[in-house]
Structures are given as C-alpha cells and as structure tokens.
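See structure below.
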C-alpha cells in the first residue's frame, strides 16, 4: 500500500524512491510487525484474561504444566494481525505470491481460532472435530496448490529443487499439487505439535522465516539465482517482506511468550504460522530445504507418528510421552533447558539448510 503511494509521490520528492528498495522495505516490515506485536501484547493479554480464555491443560501431561492452566491463550491473533498489517503496508499489492501466503495464513488462522474457541469457551479439550479441521485445511491447501499449478504449469515454478544436485530439477506435473498439499498441511500440523512449551514453537518459526527471507531474496534476483543454480522466480522477491514480517511479529510475541509465558499463541497462531511456512516453501520451490531448516518440527511430528504406530503395533511406547519435548521433560530436564536446546538445534539446522544452497 505504501509502496504504491510512494510511486505516485516520488515525482514530487525523490526521497520517496527509498520505498522501492527491497532491503529497506524488509527492515521496516520487520520493525512494523515487531512494534505492533509489542503494542498489542499487554492489551491482548488483558482482554483474554477478562474473557477467561485460558489454556486447557491435559490431566495426563507433565505435572509441571498444571501451573499453566488458565494462562491466556489465542495470542496468535496478535501475531497474525501484526503480519497482515505489515505485509499490506510494505509489500507490492499486485504480487500474487504475497496473496497466496496471506490466504493460507488467514485461512489456517480462522481454522485455529475455531479450534481454540471449542477448547477455551466450550471447555472441549479435543477442540474442533479432527475430520473437519483436516477437511478445511485440505480445501485451502488444495485450492491454492491447484491455482498455482494452473498458472505455473511447465515452468520453473513447478519444478522440484533437489539439494546437492544443481542439474536435477524435474517437472512435477500433477504431482506438484499433491506435494504442495502435504507440505502446507503437514507444516501447519507440525508447528502445532511443537507448540507445547513456552517459546518452543515461535523461535524456530522465526529462524526458518529468516532463512526463507534470504532464499526469497536470492530466488527473486536473476544473478543470484543463476549463481546458486536455483530457479529464478520473478515474484519471489516480495516474499522477503512476508518473511521479515513473520520474524518481527514472532519476536514481538516471544517477548510475552518466553518462560514463564504470559500468553500462548494457541492453534490460531501455530496452524497459521505453519501453513505460512509451508506455502512459502512451495512458492520458492524449496520443500526439501524446509525439511532441513524446519528439522525441529519434523522430529516433533515423527515422534508422535512413531509413538502412535509403536503402541498400536506392539503395545509399547518408544518415548515416555510424545511429542518428544515432553519426553525430555519427563526425563527431568527443566523446561527452559528443553526450550533453549531446541532453539540451538533449530538455528544450526537453518544454517545447514542455507549452506546446502551453495553445496551443489
């Protein structure tokens, strides 16, 4: 919005030309989202407390979590608000990639909101019925994936980028839709599963979004895309603005979500952020890179799958409790230790993922 306005005002004052620079807009996008989150935080927490929108804690969970019962949840609303406002202010409104991310972000946010509403208002610990949750998540993911396939069919936008192999970029055909579906829905659920400790999900999300900001910048620059042997996608550059907005909003939320948390993001935040990371990976053709950089989310999800599978097949559990962060809690690790160590692992994985762009 401001970019469009600046383009009309630059003829009156050349200083408005700074709005055309991607690096400038990326920085102010981050700062805008950060300040909105910090401003909304105390007000959102007070409002949620007044409405008695408190966290529902499982009785079979770690005893250390019982003290979290009643802590305001659905704080993801402030994350989404900060991201959407910042993106609308600083990104080019004509960019289709930006709108793809916003559709998934807002759509998954609405699904998460309904899920949280069932938990905190109707006191239903299971939340929204699973089949309906996955149905609407699938509708959004398949709708966006199908639209992208129709527009980008047989172009670099539907190629698969394989790490370590610079000349291996097969056209996916209709498999593009299926892959995109699993990436978007899978990442949404993976971040949701990871969101079980104070700050555990938001910081890896910030790290991955920051990594994708660099990838988006390179993908949208023909010279760097050719240098790194990745597809050049002319709309990808504006995803830098989206990614930095996620970073800013996430850091602002972390101010209130760090241990001991004053507010939790709830499904409205975790599903939306996960879906956003998934669609960003799809748009940048970096699904494999998401698996590497988002390794913490992958491990958390696999721990649940393995735990359920083992119990059904063998009647035995692999972990003391899943997702795996609860396993370490039950082993006696203090919650802050689990959180910070997972943060460190996440940062290392993002750096490793970025390194794979050059190792080809």
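Backbone N, Cα and C define each Cβ position, glycine as well.
Note that this is a predicted model, so its numbers are computed, not measured.
What Swiss-Prot records for 1-25 (among others) is topological domain 'Periplasmic', and it gives sequence analysis as the kind of evidence. When Cβ-Cβ distances below 8 Å are used as the criterion, the topological domain 'Periplasmic' (1-25) is approached by residues 88-93, 217, 220, 237-238, 240-241 of the same chain, each at least six residues removed from its ends.
Across the residues of the topological domain 'Cytoplasmic' (47-71), the predicted structure has a mean pLDDT of 72. Annotation source Swiss-Prot lists topological domain 'Cytoplasmic' at 47-71 (among others).
Sequence annotations record features per position, and here Swiss-Prot assigns topological domain 'Cytoplasmic' to 115-131 (among others). Across the range of the topological domain 'Cytoplasmic' (115-131), the DSSP-based residue counts are 8 helix, 0 strand, 9 coil.
Summarising the annotation, Swiss-Prot assigns topological domain 'Periplasmic' to 153-167 (among others) and lists sequence analysis as the type of evidence.
When Cβ-Cβ distances below 8 Å are used as the criterion, the topological domain 'Cytoplasmic' (189-198) is approached by residues 112, 204-205, 257-261, 264-265, 267, 269-271, 273-274, 277, 294, 296-298, 300-301, 304, 323, 325-326, 329, 335, 338-339 of the same chain, each at least six residues removed from its ends. Annotation source Swiss-Prot lists topological domain 'Cytoplasmic' at 189-198 (among others), citing sequence analysis.
For 220-235 (among others), the entry in Swiss-Prot reads topological domain 'Periplasmic'. Residues 22, 95-97, 156-157, 159, 161, 166-167, 169, 283-286, 357-358, 360 of the same chain sit 6 or more residues outside the topological domain 'Periplasmic' (220-235) yet have a Cβ under 8 Å from a Cβ within it.
The feature topological domain 'Cytoplasmic' is assigned by Swiss-Prot to 257-262 (among others).
Residues 156-157, 159-161, 179, 183, 212, 215-216, 219, 230-231, 233, 236, 239 of the same chain lie 6+ residues outside the topological domain 'Periplasmic' (284-287) yet bring a C-beta within less than 8 angstroms of a C-beta in it. Taken from Swiss-Prot, the feature topological domain 'Periplasmic' applies to 284-287 (among others).
According to Swiss-Prot, the feature topological domain 'Cytoplasmic' maps to 309-337 (among others).
The transmembrane segment feature in Swiss-Prot is assigned to 26-46 (among others).
Marked as transmembrane segment by Swiss-Prot: 72-92 (among others).
The transmembrane segment feature in Swiss-Prot is assigned to 94-114 (among others).
The transmembrane segment annotation in Swiss-Prot covers 132-152 (among others).
Same-chain neighbours of the transmembrane segment (168-188): 104, 108, 134, 137-138, 140-142, 144-146, 148-149, 154, 156, 158-162, 231, 270-272, 274-275, 277-279, 281-282, 287, 290, 294, 297, 301, counting only residues six or more beyond its ends whose CB sits under 8 Å from a CB of the stretch. Taken from Swiss-Prot, the feature transmembrane segment covers 168-188 (among others).
What Swiss-Prot records for 199-219 (among others) is transmembrane segment.
Positions annotated as transmembrane segment by Swiss-Prot: 236-256 (among others). Long-range Cβ contacts of the transmembrane segment (236-256) within its own chain (Cβ-Cβ under 8 Å, at least 6 residues beyond either end) map to 22, 25-27, 29-38, 41-42, 45, 75-76, 78-80, 82-83, 86-87, 90-92, 95, 97-98, 101, 199, 202-203, 205-206, 209-210, 212-213, 216-217, 219-221, 262-263, 265, 269, 273, 276, 280, 283-284.
Tertiary proximity for the transmembrane segment (132-152) is limited to same-chain residues at least six positions away from its ends with a CB under 8 Å from its CB atoms, namely 96, 100, 103-104, 107-108, 111, 115, 158, 174, 176-177, 180-181, 184-185, 188, 271, 275, 278-279, 282-283.
Between the transmembrane segment (199-219) and the transmembrane segment (72-92), fewer than three CB pairs separated by 6 or more residues in sequence fall under 8 Å, so the two stretches do not touch. Count of Cβ pairs under 8 Å against the transmembrane segment (26-46): among 72-92, 94-114, 263-283, the largest is for 72-92.
A Cβ distance under 8 Å defines the sequence-distant neighbours of the topological domain 'Cytoplasmic' (257-262), meaning residues of its chain 6+ beyond its ends; these are 41, 45, 68, 71-72, 75, 197-199, 202, 335-336, 339.
Stretch with the largest number of CB pairs closer than 8 A to the transmembrane segment (263-283), among 72-92, 94-114, 338-358: 94-114.
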